[in-house]
């Protein structure tokens, strides 16, 4: 389980000589709180396409730029014939001309500016709009022509300082060989190259900016031999630096988010150090630390700001989650908030939540801690069976996760949590995903910034990718409405439901750049992205579309993708074409993309590597980074829009717009929200103090403010039931929670819960009057005894830690009788409550039967563990028919998951016998000579690996079997796991009992392995009474079952409201067993009215004629005849037969019997 942030770039081999065709390495993991955010722009040499920035136009604090040699370009490229290098056509909708720069060829002298006047769209602008005036200033970083990477930091916050670090990174050596540090104090008009050590060559690998005080900067330098490193510290935005040596090799630094002088250092040998004086002195905190899994305390959540969360390797080689305070980490032992080992790289600390995962016996479990409480299992739908889980969002006290379920390959399902992040409900299926370098996963979902609750996602169904949008955090999703006309005013002929707008959210071929959808917190409702119109998303189509009302209406603005930058809270939109050829045209809009103008930001076409503005998008100054040719120096062009906006905006310069969804509903997330935007006729600056949110009004609650609670699914059968939530077949809402204590009460869910961040009040309350139930005294259930480490084979005299767990039932009043099999017996209380293991060791080799019996006034449970004591498989499941007849052969099958290709020995224990049956096959056949409950236990041993499972079998004299089948749709949702089959059987039993009033203990439904999904229903007879040899009640029960099945009244709900029908199965269509030694036998018995004695005599003779096969026939009534007919059953699961009657009961009429006899 990992966070969704951009991964580190892989190292690629490069030439030994200086070359710019290197793949940049993204700097170490940068938390969201860091001001130095790196923008990696990759120019892909293979295809000649310019890479896209992680967030094009992302104001920075820091940007890393890599320039590569595009296809078709020569290294000798120079500034000759710029017109030949740029032949960008005029864009429809743009002005008929552009403001021209100096007519002389070549770049201006450093710091020399040019003033230009942009021409707007003809007929679309007022007279004042023709006065757009921009100032472009170009500066060349002389002497850095060989440098192939650049990192940029714009301090912001009323500061005019910009720092640029250029460096030559050698891919083969994996290190920086040359570097230059440049500083500007006038918003990028001029730059000064800094000399850190006069007369000494200094190589800077990286620099880090303190988020709590951006004036404080740390440079990390190294010698060419990588044998020593130094830090250069500045407290005045890089005006001066002081050098301090460090006794280790720095891999990454991590500033404290609130306290400006505290910083963590992760070293190349996986050690973690801390400094409280801005890197002057260091203290070792922890060794064997996992990279990128170190976290400072979260303000407002962790009690002490000096706390550090760490994932580290312990002495045994496993990984643990530790916390410690930086002042006494070495003096006191570390605290382990999670008791057991965790998976490497799984620890994530994010806002109020901590996530981790732990895998044992080939099963992965995901845990969450809310506000540093105890870790609990994340409750996904029972049969989601996740293969992977990615954290999408944790804001607004709610968790969004993407889960790849057992039957998914390149898609994930999106789930939304409750407040504590424990219980999850499905909100969107089949979100497209791609796995990138270093096994990082990219999920095609994007949170629209600036408007809470709005998400875009690309859904992949049947190979088609379509874009959907939600305004209420996933409760409802809609397609994007297409514009009626294109950018030239021509009809698009795109009509729903056959045609919609689809957007590229993320690019699968480059994980180090962001998607092409641009949103900003400072510009709510403004979304600009690349995509196409049609029935699905087309990868090679990158037309640019924009919306200024948060996705309600869209307009096409360009035919090709552009780099986009928002300035002054979206008051100005700047765009530069994303292309591999040099250019000099900047397009911009001052009216939210309705009209566009062009500006020549430089006289000579340049290869654009990136765009940057001051952090916060609050100014009207931007910088274009590029280079004239492959061997030229870096060129920075400052574009200043401030002359066009001479005054600060006032209240009369704004108009308001109301947020609505695609249905025109104003109440979104429980409130009506209005925002301010600048009027198109107002030429003014919004400024730093501008706030877009205008008003909000709380709405009354409606059905649409609620979604289905955990364990429930929304029906999709009809519009009238579209908002109805029904319990899933595996979920019983009346069952008390596992932590329900006697004397307390619990709330039974009605199937609905309000979205956590929804603020509606009054109105409809689907959660009203929840059922308050008293916690009953629960009998112990799910009792387990195991050896810590999940093994059942140990060495003699080795300490063994027995762990007893109880999944359900009261623990305070339960007593536990423990027998370790070698003479040690003891009685415990609170054994499962304390979690303390039982320490023991065995002196002699052998097999020991360890048993634990838990008992209270409500009932008891027993767990058995056979311990093999020798010197020390994975998942094991024992499949056995739960009901069998006396002296009837039954097949016991041990299912190993995964199947072990090596030789495996199976040990079978039946009853309390200590002498097992041994087999090399995973199945054995046996008989039970006496009626009663018999426990069957199997162990699978392969080398020193031993696992076991146990089942209870009911051995009876008489019972009846009814074959069942299900709707074909169930096969699609059948993961073919024993637990799934067991749950389906339980729900069928419960439904039949409710419909027929037959006690559940007299009905047992067994779902068979494999496809198609079929089952057998076992109808048990009541206990025999001395005064009656035969009970007519059994006939009535059977008739009631048949009537309920024939009338199609037995069904249950699957995901999406799919209803599964349970019916009688035609035994002729069931799977056949080759050989037929253990199946049902076809026998027809005629019940002749008035000739009962003759019928009984015939039955008796038939039974005597076929020894070893018994038939039981019952008289039903005069209007209906019954016959019993055993038929052959499937190879993969033993269908049981009763001792004195056959395994299938069929009710037929005279015509059916005649057809059967004749056929």
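Every residue gets a Cβ built from N, Cα and C, even glycine.
Database features (Swiss-Prot):
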- 50-1078: topological domain 'Extracellular' (TOPO_DOM)
- 75-88: compositional bias 'Basic and acidic residues' (COMPBIAS)
- 158: N-linked glycosylation site (CARBOHYD)
- 324-329: disulfide bond (DISULFID)
- 328: N-linked glycosylation site (CARBOHYD)
- 362: N-linked glycosylation site (CARBOHYD)
- 494-499: disulfide bond (DISULFID)
- 600: N-linked glycosylation site (CARBOHYD)
- 649-684: disulfide bond (DISULFID)
- 667-699: disulfide bond (DISULFID)
- 701-760: disulfide bond (DISULFID)
- 708-725: disulfide bond (DISULFID)
- 740-775: disulfide bond (DISULFID)
- 786-876: domain 'PKD' (DOMAIN)
- 830: N-linked glycosylation site (CARBOHYD)
- 891: N-linked glycosylation site (CARBOHYD)
- 902: N-linked glycosylation site (CARBOHYD)
- 1100-1159: topological domain 'Cytoplasmic' (TOPO_DOM)
For residue 701 (disulfide bond), nearby residues of its own chain (Cβ under 8 Å, 6 or more apart in sequence): 670, 754, 760, 761, 762, 763, 764, 765
Residue from 158, 494, 708, 775, 891 whose C-alpha is spatially nearest that of residue 667 (disulfide bond), among the recorded positions: 708
Helix, strand and coil counts within the domain 'PKD' (786-876) (DSSP): 4 helix, 51 strand, 36 coil
Number of other Cβ atoms within 10 Å of the Cβ of residue 667 (disulfide bond) across all protein chains: 22
Rounded inter-Cα distance in Å - residue 362 (N-linked glycosylation site), residue 499 (disulfide bond): 45
Fewest other Cβ within 10 angstroms of its own Cβ, chosen from the glycosylation sites 158, 830: 158
By Cα-Cα distance, the member of disulfide-bonded residues 329, 649, 699, 725, 775 nearest residue 158 (N-linked glycosylation site): 649
Pairwise Cα distance for residue 740 (disulfide bond)/residue 324 (disulfide bond) [Å, integer]: 33
Candidates 328, 362, 891: member of the glycosylation sites with the richest Cβ shell (10 Å): 891
Disulfide-bonded residues compared (494, 725, 740) - highest count of Cβ atoms within 10 Å: 725
Disulfide-bonded residues: 649, 760, 775 - member with fewest neighbouring CB atoms within 10 Å: 775
Cα-Cα distance linking residue 699 (disulfide bond) and residue 708 (disulfide bond), given in Å to the nearest integer: 20
Spatially closest candidate among 600, 699, 891, the listed recorded positions, to residue 328 (N-linked glycosylation site) (Cα to Cα): 699
Residue 600 (N-linked glycosylation site) and residue 684 (disulfide bond), Cα-Cα, nearest whole angstrom: 23
Those disulfide-bonded residues listed as 329, 708, and which of them has the most Cβ atoms within 10 Å of its own Cβ: 708
